[in-house]
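Report on the structure given below.
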Amino acid sequence: MALVPCQVLRVAILLSYCSILCNYKAIEMPSHQTYGGSWKFLTFIDLVIQAVFFGICVLTDLSSLLTRGSGNQEQERQLRKLISLRDWMLAVLAFPVGVFVVTVFWTIYAYDREMIYPKLLDNFIPGWLNHGMHTTVLPFILIEMRTSHHQYPSRSSGLAAICTFSVGYILWVCWVHHVTGMWVYPFLEHIGSGARIIFFGSTTILMNFLYLLGEVLNSYVWDTQRSMEEEKGKPKLE
């Protein structure tokens, strides 16, 4: 029974991401009609990543309930594959990309919102939707990390995967600029090519740091819980 609240929570988070995505796609903004559409924005890519991740979490929960006590080895093998995919997605994409979006967005927003989220966008995107895209991502992923233990891949393969994602997105942003003559994010228009290289390099390093942070945090949360359970299990000395 202890698993039921977690399962319900994951379903609620998945539904919230589906709602955010549907509302965001329904907005008729000029940038959505240009080359690359919504897919040129890391925020939108992150929302898709989070929705897919929590979809896999829900599917894993359902599969676990259906295979429990069945003794079917094939079903258990498929369940282990789902769990491995869930854990890989959290480690390599959901946590580092989600935390990156929240951290970088609000840091630049606090410095000068016109550089990342011009006031003009308030006419298209309501406040609750902005927070759904740029704020709630962080508590949702932290809740998931706290409620379920996730097995991280080897550090070398994990860092290679997040580097591939980071470099791939940077190349995509550069390609959009090459095709349209405009940068995806307004602040890139106001800095020189050298500063852009430094910025892109820094974001890749930050992504790697966030991957390592997630790995450490995951280990800390579950090592602490394991220690507490072991302490409870020890007989008390009178």
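The backbone N, Cα and C atoms fix where each Cβ goes, and this holds for glycine too.
Record features (TrEMBL):
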TRANSMEM  42-67  transmembrane segment
TRANSMEM  88-108  transmembrane segment
TRANSMEM  128-145  transmembrane segment
TRANSMEM  157-178  transmembrane segment
TRANSMEM  198-222  transmembrane segment
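Within its own chain, the transmembrane segment (157-178) is flanked in space by residues 35-36, 40, 42, 45, 91-93, 96-97, 184-185, 188, 200, 203-204, 207-208, 211-212, 215, which lie at least six positions past its ends and keep a Cβ under 8 Å from the stretch. Residues of the same chain lying 6 or more positions beyond the ends of the transmembrane segment (198-222) and with a Cβ under 8 Å from any Cβ of it are 90-92, 95-97, 99-100, 103-104, 145-146, 149-150, 152, 155, 158-159, 162-163, 165-167, 170, 188, 191. Note on the transmembrane segment (42-67): residues 3, 6-7, 10-11, 13-14, 17-18, 20-21, 24, 75-76, 78-79, 82-83, 85-86, 89-90, 93-94, 97-98, 100-101, 105, 133-134, 137, 140-141, 144, 148, 169 of its chain, located 6 or more positions outside it, place their CB under 8 angstroms from a CB of the stretch.
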